[in-house]
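As given in TrEMBL:
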type	residues	note
DOMAIN	1-59	domain 'Glutaredoxin'
TRANSMEM	36-56	transmembrane segment
Amino acid sequence: MCHAIKRLFCGMGVNPTVYELDQAGDPIAGKEMELALMRLIGASSAAALPVVFVGGKLVGAMDRVMASHINGTLVPLLKDAGALWL
């Protein structure tokens, strides 16, 4: 899922900052972050990850990002955050 989100953003000309929790130097800290993100979005399983923030604002999991892309609200959000110059 993370790969699909990265491809979406890169395909739009956005260079995302990505934190790979499963590749963290400290696996315990990565697991704690994963649990905190799941609580933040109200998810019961890690399947809800990745979680996307744009300009410090929570967008949500992949389903929310894709819905925002489809309904046209993702581009303005990226522009407002300074991540996209179209």
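Here, residue 1 is simply the first one shown, and the rest follow in order.
Backbone N, Cα and C atoms are what each Cβ position is placed from, and that goes for glycine too.
Residues belonging to the domain 'Glutaredoxin' (1-59) score a mean pLDDT of 86 in the model. With helix defined as DSSP H, G or I and strand as E or B, the domain 'Glutaredoxin' (1-59) counts 31 helix, 7 strand, 21 coil.
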